[in-house]
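Residues or ranges marked as active site, acyl-thioester intermediate in TrEMBL: 159. If you look up TrEMBL, you'll see 261 marked as active site, proton acceptor. The feature domain 'Semialdehyde dehydrogenase NAD-binding' is assigned by TrEMBL to 11-137.
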Ligand SMILES: NC(=O)C1=CN([C@@H]2O[C@H](COP(=O)(O)OP(=O)(O)OC[C@H]3O[C@@H](n4cnc5c(N)ncnc54)[C@H](OP(=O)(O)O)[C@@H]3O)[C@@H](O)[C@H]2O)C=CC1
Ligand SMILES: N[C@@H](CC(=O)OP(=O)(O)O)C(=O)O
């Protein structure tokens, strides 16, 4: 990782700090160069306890020493008044109301939850792909009742969507629109939070259904890869990739892997003849994100690492490369039905969740949206 230093510390809070994503936020932010963990929030079950007592810590690093004894708060804005930014790893059943209350209290909310991803005023940003969607924030603030000076909600994507949109964005940049995309996922159990999928359902098994996941992948991809356009009323709207329709079909499966979502992807380009597998490999390798170019400290040097070995990427071997901040692609080859097929691996709790939120907040700092 690399990056610009910010001139002063920025106090941050974490909502859902005891959960799978919340723990990853803590592990990643413990030594951040300018974000300082100042407040932790979770449910009433955890509030009032010291963090080390409230949490079932499942990370491979110890709880950072300055966090162990922090007292967990209820997720109410008044307990986070000294923070400028909150990261949310809240359960979607409660995220909607709580995140809205924090926005109303003039906090910048970076959310992992699904609740606001479809909101026409809320950017859905995968920081390795569509940082241009930050342009929606001033409008979100202005349209809020009452208008806001500092508060906003920005979401990152579903973890499986995140893995696939990074190579798709790289390929559209190099070769123009993709027309069709078929995806089959093999998703890790940590994607279901803690304690998540019962062991008797997942050990020695594959579950060919994850509620709501296929619809989210098919819809979110269009919002992320589409641009921003202006309506007749002069307001910005997300164009949902409408200029060049992209048809997507996703099939989602839960597999007995702890961390790292693997996805088999086949695509057809609008461009005829389509690029060769070698041209695709080169375009994926050459792709760099705005987040890296702008010096965000958590940005991966290799946005996409392309494996040449026939049997990679694999979750156990590749999920922690660059601290899980990039995506790994392998097996780029011709598809006899569409044009090209490949395998992508993304760490669902890192770039699929906490790392994306942190990178989005770093982009917001670089772009002067938070200070
Ligand atoms: N895991 C993953 O790979 C990904 C998850 N996400 C999304 O991120 C969010 C968090 O997921 P994950 O960490 O897996 O979930 P977990 O179930 O592991 O954690 C949920 C968190 O929400 C808190 N919470 C639950 N109820 C309340 C409440 N009433 N008030 C305040 N806090 C509450 C819990 O606190 P307590 O411990 O006190 O109950 C806990 O901190 C979800 O919206 C999920 O869909 C997105 C992308 C990937
Ligand atoms: N459903 C995803 C994780 C998740 O929570 O997704 P979302 O934030 O879109 O609800 C998985 O099980 O792997």
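For all residues, glycine too, the Cβ spot is worked out from N, Cα and C.
Of all the Cβ atoms in the protein chains shown, 30 others lie within 10 Å of the Cβ of the residue listed as 'active site, proton acceptor'. Within the domain 'Semialdehyde dehydrogenase NAD-binding' (11-137), the DSSP-based counts of helix, strand and coil residues read 42 helix, 26 strand, 59 coil.
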